[in-house]
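A.B. asks: My questions will all concern the structure given below.
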């Protein structure tokens, strides 16, 4: 009889909420800083790890943006994405839908083309050599203006075939989805799939706004949906997925501790919830560690872990045929 940890390791899984910049491990950060002669405010890898003690989304974002400064060349972005794909292979992540934040890089003088070419070359190699399928989702930084978002949308159009969808991330409170309503209308016209972070630090009204104002196909986080019973019922009825990130929620104190997390409660109610790692280099765990945490702290059963893995494919942007191919392997 395999243990739950062994079951998690063997389960085919999709990851739908992963920021590629958030997979930058301290070792690679140091290596790229030396190569590119970028000064870091840390003397060692250990010092960086110690600095990863955040108490809020904002304190995390401060170090996240500082770390991203080491990414300058196409090969840097390739190395970053390739390192994540090797983790995927080790954890039996068969499909991944990756967020990237072009504004984090274009604001530093790195071209959109440099970012997208480096990442997509790694993704192409990942499909060919590792058998991992993937899609790219471009995120707009919500603490910036909508007009800046329009500039990035324009920059993305020559690379339209490399980007499946668009999302919305960064500091949530004070930057509701409605701030970007016109931008997301244009994104829909361009044929992009639509997702958005909502209901992590922002209340349930942010989730409603993402649904009605942005017309999202998926909600990233969404854990505060339980503040509104009508919203929970809507999510169940429409089967709009939530890409939940348990270890991230605890690290950023959106949830006090894992034993209080609502992911399994939502699953049992019939909400289409999935498990994801968010920014794993910063939050102390990749996808399997998030599944293991649910087993350890919430006593997730074998059937619940399998249901979450099935949901990861159901909630993906894969074709129905490919979704079923993976789901059959889990059932």
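In case you wondered, yes, glycine gets a Cβ from its N, Cα and C as well.
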A.B. asks: Can you find which of 278, 325 Swiss-Prot lists as binding Zn(2+) at the same site as 17, 19, 197?
C.D. replies: 278
A.B. asks: Quick one: of the recorded positions 17, 197, 200, 221, which has its CA closest to the CA of residue 279 (substrate binding site)?
C.D. replies: 17
A.B. asks: Could you work out which of the recorded positions (17, 19, 197, 221) has its C-beta surrounded by the smallest number of other C-beta atoms within 10 A?
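C.D. replies: Counting other Cβ atoms within 10 Å of each of the recorded positions 17, 19, 197, 221 gives the minimum at 19.
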A.B. asks: Any idea what the Cα distance is from residue 197 (Zn(2+) binding site) over to residue 221 (site 'Important for catalytic activity'), rounded to a whole Å?
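C.D. replies: Residue 197 (Zn(2+) binding site) and residue 221 (site 'Important for catalytic activity') have their Cα atoms 6 Å apart.
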A.B. asks: How many whole Å apart are the CA atoms of residue 200 (active site, proton donor) and residue 278 (Zn(2+) binding site)?
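C.D. replies: Pair distance, Cα basis, whole Å: 12 Å.
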